[in-house]
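Engineer: Residues annotated as active site in TrEMBL: ASP49, HIS262. Sequence annotations record features per position, and here TrEMBL assigns active site, nucleophile to CYS52. For GLU237, the entry in TrEMBL reads site 'Linear diubiquitin binding'.
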Amino acid sequence: YKLSVSPEMDIMEYCRKEWRGNTPVAKRMRKGYEAVAQKFASIRRVRGDNYCALRATLFQALSQTTQLPSWLQCEDFTMLPENLLSKYDWIKQWQLKQKLGRKMGEISDEIKEYLILLRKKWKNISEIKGSTEKQEACDKLFKNEEEEYSLYEALKFLMLNTAIELYNDDKNGRRVPVFSWLLFARDTSSNPCQLMHNHLNHIGHSGGLEQVEMFLLAYALQYTIQVYRLYKYSTDEFITLYPNDPEEDWPVVTLITEDDRHYNIPVRMCQETML
């Protein structure tokens, strides 16, 4: 197996290994890592394929979870694919991950399986009391490629559902967050169908998440994603929140990026920060 999230390593040790030179970029990165090290002791590297933003976010959410989020408890949560397909025929062109040796079933059945798996894994991990055991359960899940990639498909589908809701809210004159306008202001995603074809279908295959899609992921999970953007050190974008006006009761997960493309995760909050 390949480990998707590598074991933890001292954050400054990692930084020294990665950023040795004396270029302005290396100096800025080292300063950025020093700032993160005020809050977190270690870093875990996340496998760098086009799923890494989803992987880092989900891993952090699961490793901290103590309860099943309310949207996962909804009765009709697993009916989502069926309900959406009955309204939007174009969802039939959703790009499913290739499963070896198995014919494509109904697309809604397939996605329903992924959503059921997401709920089951989240529930199981949220019920584990000890933090060491919880970490072990997460490590185990992120070593199981088949399950891991199924969970990302579930997340992508939830992002599509959230995009459809926001798009409809805006059309019906309801208030929507600013990022929603930006999402649909792109030539490549002026409506949810285009968003699916040109963006969501490519995540994990030929592209990762763009910035505006980080907002969409945060809304889909109802989590605040806090990102240390190291190349923005000493600017007011060094620590970026998605969304930037988060709901009070949303849990927070923290990620690190050097370039807004690849994400790693900081772990072990320093004692004084926790108090």
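Keep in mind that glycine also has a Cβ here, set from the backbone N, Cα and C atoms.
Remember, it's a predicted structure, so these values are computed and weren't measured experimentally.
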Engineer: Return only the integer: C-alpha distance in Å from HIS262 (active site) to the residue listed as 'active site, nucleophile'.
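Structural biologist: Cα-Cα, rounded: 6 Å.
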Engineer: Could you give the Cα-Cα distance between ASP49 (active site) and GLU237 (site 'Linear diubiquitin binding'), in whole Å?
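Structural biologist: ASP49 (active site) to GLU237 (site 'Linear diubiquitin binding'), Cα-Cα distance: 25 Å.
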Engineer: Minimum Cβ neighbour count within 10 Å among the recorded positions ASP49, GLU237: which residue?
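Structural biologist: So among ASP49, GLU237, the recorded positions given, the one with the fewest Cβ atoms within 10 Å is GLU237.
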Engineer: Cβ-Cβ under 8 Å from the residue listed as 'active site, nucleophile', same chain, 6 or more residues apart: which ones?
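Structural biologist: When sequence neighbours closer than 6 are ignored, the residue listed as 'active site, nucleophile' has VAL46, GLY208, HIS262, TYR263 within Cβ distance under 8 Å.
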Engineer: Taking the Cβ of HIS262 (active site) as centre, how many other Cβ atoms lie within 10 Å?
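Structural biologist: Cβ-Cβ neighbours of HIS262 (active site) within 10 Å number 18.
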